[in-house]
């Protein structure tokens, strides 16, 4: 089942639990606006290249739309639609005053020079500048984009609308980016894990963790869990996987990956098959890479007692059912990885106020939001007698449906 089908399925189950009528259900599923634009640029060699840029704006009943811009050669419309919808539910679970959006350009950024990427970003911004904005739609970085991309969008947008630092988040610190943004998703994963384990009378300290994916989210989660006394027994990335049942030395591993661009060859653990990492013995499994990695093929083999979804949609619905029967507790992605968008919200707030926070305040506020989010999800689980995924979905769908009805949009 692809990401869109799975998201729609979860939405429909939540809507049934809430007893929503079909009119509202339909209006919540249909995107607010789908934008497709042609972006033509002169390449460095003088030839002309044309790319397709797009933005799917899913819902704005609770506030401006929010979501990443990705540069990737295979931009699957269904996946982008699912991710835009997922952002609506994610911001609602975290109780941020946003709706969801997602977009990007169908290109391979590794094949473009820095000046070509800049021209492409500026042309894309020129085409959509009147459809995004501080109180309309606030983009952020995603796959293949980063702070520099956001800086170009900010500059191009400001040519039309005056200096507007709050039009994008994930900016460089020097242009109004927030301290703590880089670690935010990983730190949010730590706070979510602490809230979950606390519910079962446990703490991070002494638990055995496996982290699948060692990019920004996985490496920050590993570092912060390690600092809290968690024992990380296995880690994988695109170069390979390593295991050490006594616990990996994470500071050494972080230094090694920085120098060698991957964990392959690290001597502090034994090399294992990356495919087997999900079924190694541990207490808490943290998938922090791609979607669909936990499926009906491997779900029966999983030994973890808890799964914390740091990636988007890592567990497919078939695996969900199998794991539920096994008694595995899954902390869903729309709550577990919402630390990133929460600190993006803090960045937007700081930009609008023109008053920047120190890192301590950012982290403190993030912990408050993540802790409250878990409490809200648990309350929905008790009300509707459901698991954490449905608890998070009913919480989100209920908040968006209420805003839609209050604004008189349900007809």
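For all residues, glycine too, the Cβ spot is worked out from N, Cα and C.
TrEMBL has this to say about the protein:
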BINDING   66, 90, 344  substrate binding site
ACT_SITE  102  active site, proton donor
SITE      142  site 'Important for catalysis'
BINDING   185, 216  NAD(+) binding site
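Sequence features annotated in TrEMBL and their locations in the structure.
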residue : record                         : Cβ within 10 Å
66      : substrate binding site         : 29
90      : substrate binding site         : 28
102     : active site, proton donor      : 29
142     : site 'Important for catalysis' : 19
185     : NAD(+) binding site            : 24
216     : NAD(+) binding site            : 16
344     : substrate binding site         : 28
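Considering only the recorded positions 66, 102, 142, the residue whose Cα is spatially closest to the Cα of residue 216 (NAD(+) binding site) is 142. Proximity to residue 102 (active site, proton donor), judged by a C-alpha distance within 10 Å, picks out 66, 142 from the recorded positions 66, 90, 142. Summary of the substrate site environment: with the site residues 66, 90, 344 set aside, the chain residues having Cβ atoms within 8 Å of the Cβ mean position are 67, 87, 91, 94, 96, 98, 100, 140, 338, 340, 341, 342, 345. Residue 66 (substrate binding site) sits 16 Å from residue 185 (NAD(+) binding site), taking the CA atoms of both as reference points. Here the C-alpha separation of residue 142 (site 'Important for catalysis') and residue 344 (substrate binding site) works out to 13 Å. Cα of residue 90 (substrate binding site) to Cα of residue 185 (NAD(+) binding site): a distance of 13 Å. Note: the CA-CA distance between residue 185 (NAD(+) binding site) and residue 344 (substrate binding site) rounds to 10 Å.
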